[in-house]
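Features of the protein shown, as given by Swiss-Prot:
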- GLU106: active site, proton acceptor (ACT_SITE)
- THR29, GLY30, SER31, THR32, ASP84, GLY85, ALA86, ASP87, LYS97, GLY98, GLY99, GLY100, LYS124: substrate binding site (BINDING)
Amino acid sequence: MSNFVAEKSIAAVRAVDEVRDGMLVGLGTGSTAAYAVKSLSERIKHGLRITAVATSQATEALALRLAVPLVPFQQLSAVDLTIDGADEIDDRFQAIKGGGGALLREKITESASTRVIIIADSSKLVAQLGKFPLPVEVVPFATEFVRARLSALGARVTVREAGGTPFLTDQGNYILDAALDEIPRPREIAAAITTIPGVLEHGLFLDEIDTIMIARGDMVEVRHRGEA
């Protein structure tokens, strides 16, 4: 097991320690979030009583396989706690997410959550966002139009593919990966992208995150929004 893989697991275990009986828990998507689902499953085996909501079909399949009880988000208006990973996160609790292709459902679920914990290995904490391409979910009809608008913002844009064809999100949409190299003013970029017709969501998470748990070796650094 590589250091980064071990760190993901350690951070996940620490985050799942925050889950209490009776909670409705949001389950993120991606390799790091999968460790949280596995850790949650172990706690359920030892008597923890919770229900969960998945942010993707992939996470739903994993949760069902591990006997984590699920409810559909369509029946919900609020979530107690969501645990998820990030592709990049900075000291201001701003993150790029969507490498796993579930940014729209993640944004909805985390906006509905009383608390959001982001777990990550030490490589994900950055001084400035932007080295990881910014995912943008788009209506397929608007792909080339949105690509041109993103290019006008200075991005190098590619259509995400899987098996030689465009990757489809769980909603049947496309993802454009916008490489910007650096994003010194994330709110300006987020606002500009949001105004483009055909864009459904972008992967900048600027206000949703409450707690960051970054694993470094065998230790987990916990940071809370608003702390000095």
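Glycine is treated like the rest: Cβ placed from N, Cα and C.
Note that the coordinates shown come from a computational prediction; the quantities given were computed from them, not determined experimentally.
The substrate site is defined by THR29, GLY30, SER31, THR32, ASP84, GLY85, ALA86, ASP87, LYS97, GLY98, GLY99, GLY100, LYS124, and by the 8 Å test on Cβ atoms against their centroid, the other residues of the chain that qualify are GLY28, ALA33.
Listed binding-site residues near GLU106 (active site, proton acceptor): ASP84 (candidates SER31, ASP84, GLY99, LYS124; Cα-Cα distance within 10 Å).
A simple way to gauge crowding: the CB of ASP84 (substrate binding site) has 31 other CB atoms within 10 angstroms, across all the protein chains here. Non-local contacts of LYS124 (substrate binding site) by the CB criterion (under 8 A, 6+ apart in sequence, same chain) comprise GLY85, ALA86, ASP87, GLU88, ILE89, ILE214. Of all the recorded positions listed here (SER31, ALA86, LYS97, GLU106), the one with the fewest other CB atoms within 10 A of its own CB is SER31. Sparsest Cβ environment among the binding-site residues THR29, GLY99 (other Cβ atoms counted within 10 Å): GLY99.
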